[in-house]
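Asks: For reference, the structure I am asking about is given below.
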Amino acid sequence: MDELFDQFDIWSAFGQTIYLAFFSALGALILGTVLAVMRVGPVGIFNRAGAAYVNLVRNTPLTLIVTFCLLALHYQLKINLAPATSSTSIVDNGVRWAIVGLIVYHAAFVCEALRSGINTVPPGQAEAARSIGLGFGQSLRYVVLPQAFRGAIAPLASVLIALIKNTTVAYAIGVAETAAFMRDALEFRPDLSLMIFLLVAGFFVLLTMPLGILLTNLSQRMAVKR
Amino acid sequence: MSTSVLFDAPGPKARRRHRVVAITGGLLLLVLLALVGRALHANGEFAGAKWSPFADWGTWRYYLLLGIWNTIKAAAAAVVLAMSFGFVFGVGRLSRNVVIRWVSGAIVEFFRAVPVLIMMIFFFGVFAYNQVFPAAWNPFAAVVTALTLYNGSVIAELVRSGVFGLPKGQAEAGLSIGLTPGQTLRNIQLPQAITAMLPALVSQLVVILKDTALGTIITYPELLQQAQNLASARSNVIPALLVAAAVFIAINYLLTWLAARLEARINRRGHTAGAAIGRAPTVPGAPVDQAHAAALTPHEARHDAAHAGQQDRV
Amino acid sequence: MKTRRIGALIGATTLALALGACGSSDDGTASGGSSGSAADGDSIKIGIKFDQPGLGLFDAGKYSGFDVDVANYVAKELGKTNVTFIQSPSKQREDLIATGQVDLIFATYSITDERKQKVSFAGPYFVAGQDLLVATDSDITGPEGLDGKKLCSVTSSTSAQKVKDSYPGVQLQNFDTYSKCLDLVVNGQLDALTTDNTILAGYAAQPAYKGKLKVVGKTFSEERYGVGLKKGDVALCEKVNTALKKMVDSGEWQKAVDANFGPAGFKVDTATNPPKTDACS
């Protein structure tokens with residue numbers, strides 16, 4: 001085990017994975033919320049644009065999206081997310097474009113998770129709010145949205161867990177994260193294959209399982225009893 | 001879509017306001033599209049030379065159709081193996097034997113927590129190092145193994161939630177006419193659960209199909225890899241990737257449509273006491289809707305399972 | 001009733017397919033070990049690269065490249081009329097020979113002491129060296145000119161890493177295949193690509209890149225391409241060496257060099273080429 005840690009920079013690979021996951025999750029939550037608002041809002045053209053985005057993106061492989069970001073947007077259309085002249089331009093552009101790809105892909109699922117949260121609220125709730133004299137804004141604020149957000153916790157949690165695992169796809173465009181470490185390690189130390197796998201798998205289990213248990217707990221505690 | 005929960009029927013003033021927003025929004029989207037188009041045009045992406053390869057039979061024969069075939073081949077093999085894996089461990093998790101239940105649970109949870117790509121790279125390395133298969137088979141074998149373990153675990157969860165989703169009376173009826181718990185599971189619960197699962201199984205195909213694209217990283221010549229080979233041969237990166245994306249989207253749309261048809265059919269004909277389990281979320285992650293359903297009482301789970309189908313219908 | 005039948009059918013089908021899949025994997029390993037040696041009959045299995053233009057390329061149903069030409073010549077000299085080419089990715093070359101899936105390997109296979117532990121080599125039939133591929137208008141003349149530049153590299157290839165170790169100012173872009181690098185070097189998005197000069201020449205000679213890329217021509221390593229064969233098969237090794245000698249003497253070797261490397265404007269280092277074959281052991 002120590003040999004591996006001496007030979008490879010494992011901590012920076014794990015760190016890169018967490019970095020990718022954190023900023024992608026943040027971005028996907030923002031973009032996904034915007035999309036969800038578009039989809040459930042009253043304006044038809046936004047509904048359709050939001051639906052088109054979700055349907056196109058979630059039927060496309062993430063690997064293709066990430067590859068497209070670097071090869072097409074960065075290298076073909078020459079869009080730089082880091083100064084081209086900087087001494088770390090390749091690394092920075094790789095990481096940032098990977099984050100963009102992860103955001104674009106997962107935003108579609110965040111949008112659907114939020115929408116499903118809204119769908120957990122029975123129409124009777126809004127009707128009841130209206131009938132006791134609450135206005136439109138009031139019924140949204142005090143009755144519908146609180147329930148909708150609670151209903152969205154479980155599906156959002158599953159998107160977050162998927163996102164953490166999906167950061168490995170950044171390896172397709174050469175980002176030095178956990179999958180890259182694993183490929184190198186297997187190449188140069190095939191005798192330690194199983195140990196390498198268990199180390200990496202353990203890292204992901206450690207990252208996702210407590211999160212899963214925590215969020216499932218939270219969603220059950222917050223769940224609206226019906 | 002329950003927009004009715006969020007909004008009142010718009011009055012004349014609101015309708016006017018909506019129209020204004022719609023027009024501004026529409027214009028904004030058009031401007032965005034125009035900007036993208038201009039950037040592509042400036043880079044010469046609409047030039048005939050970049051698209052003419054797609055009119056050439058050789059491009060399809062040696063690159064794209066070959067890629068599509070390899071993608072479908074890997075996905076099909078994975079789906080068959082994943083189903084067997086899923087049934088074995090799904091039933092294992094329902095076993096009355098604590099050890100079997102615990103081991104099945106641990107295996108399923110482990111493979112759901114490890115990224116598919118990590119498994120793919122691992123098996124690729126192991127197969128090559130230990131000469132498990134003829135060398136040329138290694139990428140295919142690694143892709144199929146990784147997809148099987150992950151999706152098999154997801155299907156195991158579907159089996160479990162399918163059985164939990166049935167009304168309690170089904171199992172009770174089986175036991176009361178003298179069947180053993182095993183017979184009850186085999187003859188009464190599983191057949192109904194499988195029928196209820198069919199739509200979710202079909203939509204799991206979408207996940208598998210998309211994940212075959214990870215094979216490009218371990219040099220499996222699937223569609224994305226072939227598109228990239230085409231791109232370097234004809235130096236048309238953007239058109240090649242766009243065509244590949246269009247093919248993926250078309251196939252996945254077809255599968256999604258099929259899943260919806262199946263679901264509607266099963267719900268209509270009522271072949272099962274439970275409702276059809278909705279199409280699983282196509283994000284390659286934990287299908288929490290189903291997992292969550294299993295944790296609830298059968299009645300709640302039934303409600304949840306029926307609901308999961310609705311929330312994912314687009 | 002019908003439901004149950006559907007369920008049973010699905011169960012039975014998956015079970016059958018699962019068993020079938022297990023069975024077929026056994027067949028695979030078995031067939032790997034039982035193939036005949038190169039001495040039998042008039043057929044031979046030769047490992048080449050399938051994706052290396054100028055050396056070993058399988059495109060549009062045809063094999064082409066320098067390795068292929070040499071392989072065909074040697075096969076003919078060995079009296080083999082039925083040649084089967086098998087794809088031999090770099091990592092799997094030792095396994096392919098050890099398990100008898102191929103009889104000979106012509107796949108940019110450098111002779112090294114480490115590899116000699118596992119396989120024997122005939123040849124060498126060419127001496128290549130690590131070099132740089134740059135855009136035609138580039139002013140890079142050698143690895144020392146790379147400081148602060150962007151170099152394209154391929155996953156788990158040591159050639160780019162070696163350059164970075166000597167010139168830490170170099171930035172590496174990692175891809176899984178060299179072909180992804182080419183377009184970017186042509187467009188000036190990346191400055192250079194490094195690996196064996198033969199491989200680079202093959203890329204530069206591809207129709208899509210003709211006239212846009214050049215091989216710098218200053219090698220900084222020596223790669224002696226040998227013919228991989230089963231360890232200890234001295235008889236076969238000697239036959240291959242005789243064939244290689246005959247190829248050089250008859251001028252066929254030069255013809256193959258000109259046909260495959262000529263179009264790229266790549267100058268073969270005549271001080272080391274054509275090489276004398278090593279003694280078989």
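Backbone N, Cα and C define each Cβ position, glycine as well.
Look at TrEMBL and you will find B:68-259 tagged as domain 'ABC transmembrane type-1'. As annotated by TrEMBL, transmembrane segment applies to B:20-40, B:60-89, B:110-129, B:238-260.
Map these features onto the structure and tell me what's around them.
Replies: Long-range contacts of the transmembrane segment (B:20-40) within the same chain: residues 46, 238, each at least 6 residues beyond the stretch ends and with a Cβ under 8 Å from a Cβ of the stretch.
Same-chain residues lying 6+ beyond the ends of the transmembrane segment (B:110-129) with a Cβ under 8 Å from its Cβ atoms: 135, 137-139, 141-143, 145-147, 149-150, 152-154, 157, 211, 214-215, 217-218, 284, 286.
Remote same-chain residues near the transmembrane segment (B:238-260) are listed as 40, 43, 45, 50-51, 54, 64, 67-68, 199-200, 202-203, 205-206, 209-210, 213, 223-224, 226-228, 230-231, 279, 282, 313 (criterion: CB distance under 8 Å, separation of at least six residues from the stretch ends).
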Asks: Which sequence-distant residues neighbour the transmembrane segment (B:60-89)? Criterion: at least 6 residues beyond either end, Cβ under 8 Å.
Replies: 54, 104, 107-108, 140, 143-144, 147-156, 158-159, 201, 204-205, 208-209, 212-213, 215, 220-227, 229-230, 233, 243-244, 247
